[in-house]
Structure formats: structure tokens, C-alpha cells
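According to Swiss-Prot, the protein carries these features:
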| type | residues | note |
| --- | --- | --- |
| SIGNAL | 1-16 | signal peptide |
| DOMAIN | 32-303 | domain 'EndoU' |
| ACT_SITE | HIS181 | active site |
| ACT_SITE | HIS196 | active site |
| ACT_SITE | LYS239 | active site |
| CARBOHYD | ASN287 | N-linked glycosylation site |
Amino acid sequence: MVYLVFLCLLPSLISGASILPEPRKDVRASATDAEIQSLAEQFYAADTNKAASGDITLNLQYKASSSQTSTGTDYANQKLFRYVNEAKLFARPTFARLVNLLDNYAQKTGSAESVPTTEVNEQNAFLDEIFKTSIITKLSNFFISKGYYSSAASFKTDLKAMWFGLYTRTSGPLDSSGFEHVFHGEIHKGKVSGLHNWVKLYLLEKSGQVNYLSYSADGVWKGYPDIYAFQLKWSTYLKTIGSFFVGSSPEFDIAMYTLCYVTRPDSLCSVKMGGSIFKIQTYTWANSTYGNGKRFVASSYPI
């Protein structure tokens, strides 16, 4: 596994949410690295909604060196995604709920994000669906057993607040959230910020909005999910290094990121898939809080 350092732009100001879930205890030391790695392996084994080997075909083309990733040079004359079995994957309930959420956000920071009732309903439908899965059940039970939450209901409420609560990255309107940053991506200060979800990347490339330039890392896993680092342009805006789980289910991504965000905030979190260890970097927003002193997700991505 190639280890890389990825930079994610963080918000400049944040505003608290109206949701007041039960306080989460500060018990970072109660989950050991071995326990976190073991749970991540359980997620990997339990991801029944992941893509099979024939469901996605990638066309990686050119591998960029460290000196080439920031140039914006297009080394790939073809698309990254040669084939995705949409009829199979996107018909699965958690994928379908995710796709419904991905058109709810403005591309650029600085524009206020409104959340009408229809979008709140889509958020709730997504959460309801992932909470039916074995992966999220395992995560919830782990958090309860370790004292992070007292119940699945309190965890679910906090999960919604940390991921979907709005804040501002521009000292202006409420224009961002952890979910928007990680799963949708944003244009911030003239660059692509966030965007760490393979489904959104695929949809952007399919619609002609993203131009794939090259890759700089390909994980050791032979099937899905795997981890990649890509260079791309969204419209004219460059992403020098963007890391992704590819072929994973939405519940897998949320579970891995949330596991590390809660237990190892603002840190490199050591996790494991198929016997191979890698890291997830998490960032919290430190200048403002929601609920009883808790922080929104700023970013989370694999390394």
C-alpha cells in the first residue's frame, strides 16, 4: 500500500446545529488500535452490497509521480470508469438513497445550502437504510459497548448531526457539511476540496463534468473495495490528489470514516482490510461546536 499525504481544505467558520443529541463521552483511549482494526475487518467481510469484481472496470492508464500530481497535466486520454453495473449496484437500497442525496448541494462554497423538507427526508431515508445493514449494526454495537453512546438511537441522532449539520467554509453563509465535503465535494478557493466518494466521482465523469488525469496510488486489494488516489479536474478546477474507496457500499464508507472520526479524531487511524493495514485521516472543525461541545466532520479519507 502506498502511503501518501493528502491535504483537505478545512472550513474557516462554523455555525452550530439545532440538533442536541446525547453527549458523546471523551473516551478515545477506550478503543485500542487492535479493536479498531478488528472491527474494520468485520466491515470488510460484511459488505454484501459492495461491487463484485465484474461490476466495475477501471481504466487507470497513467501513473503519475509525486512531481507530476500537481501539474494538472492530462495523462489519460480515456475515462477512468470503463464500466459500472448501475442496474445492479444503484438498485440496492443504500446506493439508491445515496444517489438521491448527491444532487442536493451547490458546487462552490460561498453559496448558502438550503435544506428543504424534501432533502431532510432524503437524509433520514439514507440513515434509515444504512441502519438496516449489518455494517452499521456492528458499528453501533461497538460504540455502545465502549461507552461512546448509550443506545443505537443516540448514535443515529449524533451521526446525522456530525455529518449533515451545516457550517461555513467562507466566513459567510452556511455553505458546507461533512457529508457534502466528503461524499459530494466542493470547489473552494479555486480548487477541488473533498470529494472522496467513488459513486459521486463516477457520476461526475459520466456527465462530463470531471476529466480524469492520472492515478498516483493503487491499493494492494485484488477485489473491491480497493483504495486509489486520482488526479482530476472538475470543470476547470484541479484536484491534485484525491483518495477513494472504490467499489465499496455507502454504509461501508460511512462506517469506516465514522469509526475513525469518533475514536481517533484529528488523527491518522490505523485500520485493516483483508489483512492489510492502511490509514484513515480524520479532521474535526475546532472553532465551533454543536450539541454539548461536539464537533462536525470537516473531512475524512483513506491513505
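Glycine too: its Cβ is placed from the backbone N, Cα and C atoms.
Rounded to a whole number, the distance between the Cα atoms of LYS239 (active site) and HIS181 (active site) is 13 Å. Around the Cβ of the residue listed as 'N-linked glycosylation site', 11 further Cβ atoms fall within 10 Å across all displayed protein chains.
A straight line from the CA of ASN287 (N-linked glycosylation site) to the CA of LYS239 (active site) spans 26 Å.
Most Cβ neighbours within 10 Å, among the active-site residues HIS181, HIS196, LYS239: HIS181 holds that distinction in the structure as shown. Geometry remark: LYS239 (active site) versus HIS196 (active site), CA distance 11 Å.
HIS181 (active site) falls within a helical segment according to DSSP. In the three-state DSSP scheme, HIS196 (active site) falls into the coil class.
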